[in-house]
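Reviewing the structure listed below.
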There are 2 protein chains.
Amino acid sequence: MPLGQRQGDKSESRYCGVESGFEPDMPRLLTRSLSSGFDFLLAPLVDPSYRPSSARAAGTESFALPVAASDLILSPSQWSSHVVGKVSAWIDLDSDDEKIRMDSEITLKQEIAWASHLSLQACVLPPPKSASCSNYARCVNQILQGLSNMQLWLRIPLEKTEPMDEESKVADHGGRTTDTWEWWNSFRLLCEHHTQLCVALDILSSLPSLYSLGRWFGEPVRAGILITDSFMTNARGYPCLSKRHQRLVSEFFDHSVQIVISGECRHNISQEVSNDNMHDSDNENYEGAIYKHPLRPYLDYVAYLYQKLDPIPEQERFEVGYRDFLQSPLQPLMDNLEAQTYETFEKDTVKYSQYQRAVSKALLDRVPDETASTTTTVLMVVGAGRGPLVRASLQAAEETGRKLKVYAVEKNPNAVITLHSLIKLEGWESLVTIVSSDMRCWNAPEKADILVSELLGSFGDNELSPECLDGAQRFLKPDGISIPSSYTSFIQPITASKLYNDVKTYKDIAHFETAYVVKLHRVARLAPPQPVFTFAHPNFSPKIDNQRYKKLQFQMPSDTGSALVHGFAGYFDAVLYKDVHLGIEPSTATPNMFSWFPIYFPLRKPIHVPVQSPLEVQFWRCCGPTKVWYEWCVTLPSPSPIHNSNGRSYWVGL
Amino acid sequence: MPLGQRQGDKSESRYCGVESGFEPDMPRLLTRSLSSGFDFLLAPLVDPSYRPSSARAAGTESFALPVAASDLILSPSQWSSHVVGKVSAWIDLDSDDEKIRMDSEITLKQEIAWASHLSLQACVLPPPKSASCSNYARCVNQILQGLSNMQLWLRIPLEKTEPMDEESKVADHGGRTTDTWEWWNSFRLLCEHHTQLCVALDILSSLPSLYSLGRWFGEPVRAGILITDSFMTNARGYPCLSKRHQRLVSEFFDHSVQIVISGECRHNISQEVSNDNMHDSDNENYEGAIYKHPLRPYLDYVAYLYQKLDPIPEQERFEVGYRDFLQSPLQPLMDNLEAQTYETFEKDTVKYSQYQRAVSKALLDRVPDETASTTTTVLMVVGAGRGPLVRASLQAAEETGRKLKVYAVEKNPNAVITLHSLIKLEGWESLVTIVSSDMRCWNAPEKADILVSELLGSFGDNELSPECLDGAQRFLKPDGISIPSSYTSFIQPITASKLYNDVKTYKDIAHFETAYVVKLHRVARLAPPQPVFTFAHPNFSPKIDNQRYKKLQFQMPSDTGSALVHGFAGYFDAVLYKDVHLGIEPSTATPNMFSWFPIYFPLRKPIHVPVQSPLEVQFWRCCGPTKVWYEWCVTLPSPSPIHNSNGRSYWVGL
């Protein structure tokens, strides 16, 4: 039964599991766990005392693996919905002892084959015994090549303190901690980022530093195994977690990471007290007697944390389906948008009220109160679409008491039909002139005081706002105002293994040299964003050049450890007019605006950035006669190829 | 509102549309149609009096297409859920008059662009004016290249009688009918089978011959437009359809073809009478007054036909999701099946009761009643899986009172684990010996009287039953029995545009040279199946050769007309023992058996077979040291390349 009802939460993390040891009476174990409120079992599939080398002697033809239970004892659907397999923990594929190594390899393959036979959704692999685990990785990699749908979750302790020799103990006053993320990183690099290779994190009483922890949110973490040792005890004797542990569990809930409770019961709570708690229906096991699961108090606490979460806001709920999903950026200049697309974007009231504020301020600056009744301001909306900026401008005029004449210039003939319909429905015939034309070639009958446009993409200039406005400013008065008046793009390095793998499925270089619009979610943001390109309008310089080049250096916080960079998240911020701005750069983002998701620039090969190393990145904006494109590369700590040379893979048509 | 509730029917054909003329008050038209029980409108989007060449003079910058209604009058979601667009019928892209031709091209493109703007799901294109319509096809093809999701339904009259000159009238005593399928065929060949190009069929009072009609069920027919003229009148004055028309409509319901009612009301029924009929709730239009749609009686009749349909049987309902969906055939010899797969196939009780009957007959033949209590028959199940044939055999022994010793030979070690569990659960330890081995290399301790196997694929020998049984018969007594004792594959030419397009999406030759398991549904079966390869067991000939070669000639029924062959449907029939058989060849198929869907052999390029032409096909079964494969080709009416030479694209591993 899920941890609770949280509106809009359809994620896996509603389900909580419990780890168990080898148990030949699986039906009883499962019934007890499910009836105690757990949703699934993390359980060994095979008797841990089994060793192939000893079993072999008994004769192969009548040999059968000593499994906990067959698919006749539990049905395949029970197995696949309620059991995550646990590969025998004794295996050691990098042992110096060849017999152990051979036994380990055979067992690993047999257990995974059996788990596949049962159609399990996942199996947990025991943690590597040390950082050197290439033979383990090779064997897992072989298995992954032939695996149908099952995931393999490599178990990794979040923190690991190595036993120390006497000498260094004196120097360090304690154990030396190993960065276990490095274990995971080498393992997955050896397995070439296989999509079915994921992580299960063991959470102990001590947690690594904040930034170091943060890296995991860009990795395919599927489960957080809460060891009972990591719980504290509250005043009433119940288990509870430290603030930092609580925050981590909340983050897991938010990132579809399932919690598994594991270990001995460390808190002795009498059954009466426990009964007053949540989840106390269905508490019968299949023998009919009341059964109390020893780990139930921990589950209750985790459920309490889940139920304490704020409900998912409506906008967020709508966007859940877009999380970490690669979309091609719109090309509104080359393609005509559809009515539904216009309709969706028109609903962004925050955005249009910012525009209205900007136009109001510009009108007040341009026309003093004294001449308000006699002066008519000429305002041109370039790229009017179905008219939201026309509406915002007319509202600004009404609000400020200024007289306005509006030209609505639109190149999409279908949107023009809708604009005509709008003008008629609203009775704006005397205020608005519709122009069915591309702003870059329209011969305006008069010059404008204000030019209003909404041509910005997620990366600011990526929908060619600079080129369009350069073309349109021909009919702006020399002292005229452009809204927006300037905009800047930003980038930030991220770990994003899901996005990397999604790009990789296309099996070509072109997709690795393409920018995508993505609602970033399962990513680790490794350093604060930095500005890239800025454009200001109008730009009356004699020779306009919209090409740009920027070199940036990112420094990750010192306690991050090393990290893997899969690419860059891109954002923009725009000044509409004076202090009225609009943007998605995280530190200054306009609240509750939903028109733009970030943009993602991938790297063909993820870059490993060692501890304390700077990351140097270079971005170009290049312009040709028919298209504009970006090129990018990494130069430090090690050079990547230059991506998208000549815009061969990704470009925006003029 | 759907035509009725039919359990398990989720298909489009539950929804019925109505065709209308140009109507500037679209909201009223839509409300009236929906409140009368229709689900969607087939309506013109643009004023049919509009001609671009006249409109142009008025000036382009303020020009807007004279549309019936904008996306502000009806919302994008209303448009896309309830309106199928109708492109102006006056357009004629193959006119000799250049002005008409140019006007037609501009209008066609503008109307489709507008329909895309509204996100319509489909637009109906007017029928070609004649068989020669290449410029029309070229223009549609251009449009298709840039279309996002919308379908274009080319309207085709099911039957067309050409006006005749005096001379031939004397000879033929009437009009000459044109095969309008040829219009469709040339149009879609010119458009390279584009997946978004579909058909809307106009159904008139006279219908073409049965086989000629049958061809359409292999084509992407999306709508059947029932012209009111095609209805007859029943004794009470209500519209009804001829038996043949009824059958056609039922077939449409079964093939996701939507019905659209079109034309003038030909049946004057008083409102009172009509009110007693179905669908009489919600009969209010948006002005609040009761509105009677003139075509409502026709809708009621179509709903009556729909509601008269038998409910979809449970098995069929389960299989709906598999219809026309390409699956790779199982390779149980190379790959291990999963528990769920075994479980599903074990549920096929019809199949296993046929096996039980066969084993019973064999036991009775082999052991006379007199020695029943003293003779133990040795039966080996080769490829025992999780044991269904072991069970069937033991049941046969019990039924016949014969003593049986069973060996269960299975190469999948995971299934062997389950077998052990089964033997223990059933208490069969003394009756059954489990052998974990490949039957081709097992050293049997004794010889068998009966060898039972279920190694057949959809095409009989395609899962390498011949090779496996040849290997296993080493341990069959010289007079021993193999169940099955023989099996034969069959093929039949089909039209299957959906399958053709699905294979084409892979964009390589390999997928066109691969056989697929498919629940065939939207196909036209053009001629009766013919046998291809036969295998019999045991085969004690000194040199066993499982290679085969067969040349077949198919003749389509003479009233079919010409046809397009996309490939071949394959089936099998197996003799288990004497008169006990098992199979999926349509004319002799075992009822209610669900273990096998047909197999589909595609052709790289569909073959046009002219009226009365024979179709010659050649099939090879080839064997190499590590694999077996098929090659196939068409030699008449025109040669195709030989498909899958050397098994380069598709093979079954030994």
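Quick reminder: no glycine exception, Cβ is built from N, Cα and C everywhere.
Predicted, not measured: the structure shown is a model, and the values here were computed from it.
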Original post:
Among B:Glu314, B:Glu316, B:Glu399, B:Glu410, which is the one TrEMBL gives for the S-adenosyl-L-methionine site where B:Tyr342, B:Lys351, B:Tyr352, B:Asp438, B:Met439 also bind?
Top reply: B:Glu410
Subject >> For S-adenosyl-L-methionine: widest Cα to Cα gap among B:Tyr342, B:Lys351, B:Tyr352, B:Glu410, B:Asp438, B:Met439 in Å >> reply: 24
**OP:** Under 8 Å Cβ to Cβ from B:Glu454 (active site, proton donor/acceptor), same chain, six or more residues apart: give me those in sequence order, or none if nothing qualifies.
**Re:** B:Lys351, B:Tyr355, B:Gly383, B:Gly385, B:Leu389
Subject >> Alpha-carbon spacing, B:Met439 (S-adenosyl-L-methionine binding site) to B:Glu463 (active site, proton donor/acceptor), which is rounded to whole Å >> reply: 15
Original post:
For B:Tyr342 (S-adenosyl-L-methionine binding site), which DSSP three-state class applies?
Top reply: helix
Original post:
Which whole-number value in Å describes the distance between the Cα atoms of B:Glu410 (S-adenosyl-L-methionine binding site) and B:Phe345 (site 'Critical for specifying symmetric addition of methyl groups')?
Top reply: 16
Original post:
Do you know the mean pLDDT across the domain 'PRMT5 oligomerisation' (B:486-652)?
Top reply: 96
Original post:
If one measures from the C-alpha of B:Tyr342 (S-adenosyl-L-methionine binding site) to the C-alpha of B:Glu463 (active site, proton donor/acceptor), what distance in angstrom results, rounded to a whole number?
Top reply: 16
**OP:** Calculate the distance in Å between the alpha carbons (Cα) of B:Asp438 (S-adenosyl-L-methionine binding site) and B:Phe345 (site 'Critical for specifying symmetric addition of methyl groups'), and round it to a whole number.
**Re:** 21
Subject >> Cα-Cα distance linking B:Glu463 (active site, proton donor/acceptor) and B:Phe345 (site 'Critical for specifying symmetric addition of methyl groups'), given in Å to the nearest integer >> reply: 15
